[in-house]
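Asker: This is the feature table in TrEMBL:
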DOMAIN    17-132  domain 'Acyl-coenzyme A oxidase N-terminal'
BINDING   138, 177  FAD binding site
DOMAIN    278-439  domain 'Acyl-CoA oxidase C-alpha1'
ACT_SITE  424  active site, proton acceptor
DOMAIN    480-596  domain 'Acyl-CoA oxidase C-terminal'
Ligand SMILES: CC(C)(COP(=O)(O)OP(=O)(O)OC[C@H]1O[C@@H](n2cnc3c(N)ncnc32)[C@H](O)[C@@H]1OP(=O)(O)O)[C@@H](O)C(=O)NCCC(=O)NCCSC(=O)/C=C/CC(=O)O
Ligand SMILES: Cc1cc2nc3c(=O)[nH]c(=O)nc-3n(C[C@H](O)[C@H](O)[C@H](O)COP(=O)(O)OP(=O)(O)OC[C@H]3O[C@@H](n4cnc5c(N)ncnc54)[C@H](O)[C@@H]3O)c2cc1C
C-alpha cells in the first residue's frame, strides 16, 4: 500500500471527529480558520519557500530572509490583515528574522514600560516600520544576571540628556536579534546614574543608525556576531554586538512608565514594583509556551508519519514487514511526545489568559498576582522548552537515518528551536526563580496567609504530606483525581523537604546555593503539576465532536502517566506512591499505547492539515 494511501487508511480509522479536533487544537473555530487561511496563503506563495534554506550561504540566507520579511509586510498591507492574521503570517514564514524582535519585544516594551507620551511618540513609527527596533539587554559579560549589566546611562542636568556609555569590553551589548544589520533603534537596558547615584537597570530608546543612509550614528559601534549553531537555523537572524562611546540622548528617551528622572535630575520610583522593568521578558515567556506546542507538534507529526510508513523486520512468508509504529518501544517514545504537544497547547492557552489577567490588574495598580505570574511564566517556559528540545531530538532518532537528513525537516527544526532553552532566560536560572517563589510560599504557611491560584495545593500540605494514593488496580490510574493528588503530593513534599533542609544552613542564601539542585527539581514538580491540572481543567470543559473528548482523555493519561513513570523516583522517594502502584501505572500506560496507536496517525495527521503545507522540506 502506498504511503499516502496508508495515511488515508489511517485517517479513515479515526474514531473521532477530526474537524472538531482541529478546532480544539487551534483554541477556537475563528482561530482555526485564521490559521488555516494564513497557512494556505504562505504555502501557496513561492517567495516563502524554505526547502532551500540549508543550502544557502549566510549572506544569501540573510538576503532571502530580508526578502521574505519585506514580502510578508507587503502582503499584510495589501490584504489588510488583522494583527492576529499578521502575527500568524510572520509565524508561518517560520524563519528567525529581525521582525520577531521588533514586533515581539521592542514594541511590547514601549507599550509596557513607556508612559503615554512616549507611546504616542514611538509606537506609530514602529507600527509603520518607519523605525525598526531591537531589545538590547544582554551584554558580553551578563545575560542571566540583569542587575549585573554594566552599560551606563548618566544624567547630565546641564543639557537635560543621558550619556549612554559602554565602560568595559564586557559591557558590550551582545546577542540582540535584529541588531547586527537591520535595526535603526534599540531598547537599551543600562544602569541609570543621577548625581553619582546608581539606580539599577532601566530601559532607554536609542537611535543606532541613520534613517537616511542606515550608517551607524556617531559614538555607535555595531555589527553582527557571526555564525551560530547549524547551517540555516538562526543564521537568518542578525544577532549583533553594540558599543557606545558617550552617546547623548534626550531625557525623554528613558522609558518613564515604571520610574522617572525629573528635569532637575531627581530619580522618582513610581509606586510600582521595580520588576515591571522585566515585563517584556514575562510577556515573551508566556508566548514561548504556546510556541513550544507548535514546534513539538511539527516534530511529532514528522515522526508519526515516518513510523506509520516505515516497515522493518517481521516479514512472514514474504508478506510485508512490520510497521515500526507497532513496536512497543517506538510507541513508548513517540506517544508521550504527542500527548505533551496537547498538554503544552492547553497550558499555553491558560497562561495567555493569566498574562492578560495580570496586565489588566496592573492597569488598576493591583500587583497581587505578579509573583505568581512570574513563577508560572518562568517555570512553564523552562519546562516546556526543555521538554520540546529533547522531544525534537527524540523524533530525529525515531526516524532512523532519515531523521538526520535535512530534507526530513528535523535537523533544521532542532537547530532553530534549541536556543529557546537559553534565550528569554536560561532554563535553570528560571527554575530557581520558581523555587524562590515556592520557598517563600512554604515559609508563609504558618502565617495564616492562604496560598491561592496555582500554589493553592500548598494550603493542603498537611493532608498531602500524609496521603496515600488510592490505587489497587491499573485502571485506578485512569481517574484524574487520583493522578492530580499524586502530582500535588509529590510537589508539596519536595518543596516542604527543601524548606526544612534550608533550615540546616546558617542563612537562606547559603542554603539556596547548596540545595540549588533539589530546589530546581522541586520547581519542575510544581510546574508539571500545573500542566497536569490545566489538562484536567480542559477536559472538564464542554468539548464537542464525536470521540474528541475520549481521545483527549487518553492523551491526558498518556501524558500524566508517562511523566509519573519518568519521575517515579520522586513519587516513591517522597512516599506519594508505592513501587507496586508505580508498576500498575506502567501497566496502564502500556494498555493506553495500544489505544492511541489506532488513532494516533489521525490525531497527528490532522495537524498535518494545518502544517503540512509548511513542512515542504519534510518528505518520506
Ligand atoms: C533571574 C532574574 C529574575 C533575577 O533578577 P533580580 O533583579 O536579580 O531579582 P531577584 O532574583 O533578586 O528577585 C527579586 C524579586 O523580584 C522578583 N522577580 C524577578 N523577576 C521578576 C519578574 N520578571 N516579574 C516579577 N517579579 C520578578 C523575584 O521573584 C523576587 O521576588 P521576592 O518576592 O522573592 O523578593 C533576572 O536577572 C532575569 O530575568 N534574568 C534572565 C534574563 C533574560 O531573560 N534575558 C532575556 C533577554 S531577551 C532575549 O533573550 C531575547 C531572545 C530572542 C527571542 O526571544 O527571539
Ligand atoms: C539565539 C539567541 C537569541 C538571543 N536574543 C537576544 C535578544 O534579542 N536580546 C537580548 O537581550 N538577549 C538575547 N539573547 C541572550 C539571552 O537572553 C541570554 O543568553 C540568556 O539570558 C542566558 O544568559 P547568559 O548567556 O548570560 O547565560 P549564563 O547565565 O552565563 O548561563 C550559563 C550557565 O550558567 C548557569 N547559571 C547562571 N547563573 C546561575 C545561577 N544563579 N545559579 C545556577 N546556575 C546559573 C546557567 O544555568 C547556564 O548553565 C539571545 C540568546 C540566544 C542564544
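Keep in mind that glycine also has a Cβ here, set from the backbone N, Cα and C atoms.
Model, not experiment: these values are computed from the prediction.
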Asker: Can you name the residues of this chain that are 6 or more positions from residue 138 (FAD binding site) yet have a C-beta less than 8 Å from its C-beta?
Answerer: 173, 174, 175, 176
Asker: Near the Cβ of residue 177 (FAD binding site), how many other Cβ atoms are there if near means within 10 Å?
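Answerer: Other Cβ atoms within 10 Å of residue 177 (FAD binding site): 25.
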Asker: When you measure from the Cβ of residue 424 (active site, proton acceptor), how many other Cβ atoms are you left with inside 10 Å?
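Answerer: Excluding its own Cβ, residue 424 (active site, proton acceptor) sees 24 Cβ atoms within 10 Å.
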Asker: Measure from the CA atom of residue 424 (active site, proton acceptor) to the CA atom of residue 177 (FAD binding site) and give the result in Å, rounded to a whole number.
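Answerer: That comes out at 12 Å between the alpha carbons.
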Asker: Run through the domain 'Acyl-CoA oxidase C-terminal' (480-596) and tell me, per DSSP, how many residues are helix, strand and coil.
Answerer: 97 helix, 0 strand, 20 coil
Asker: Would you list the DSSP helix, strand and coil counts for the residues of the domain 'Acyl-coenzyme A oxidase N-terminal' (17-132)?
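Answerer: In the domain 'Acyl-coenzyme A oxidase N-terminal' (17-132), the DSSP-based counts are 89 helix, 0 strand, 27 coil.
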Asker: Taking all residues of the domain 'Acyl-CoA oxidase C-alpha1' (278-439) together, what is their mean pLDDT?
Answerer: 95
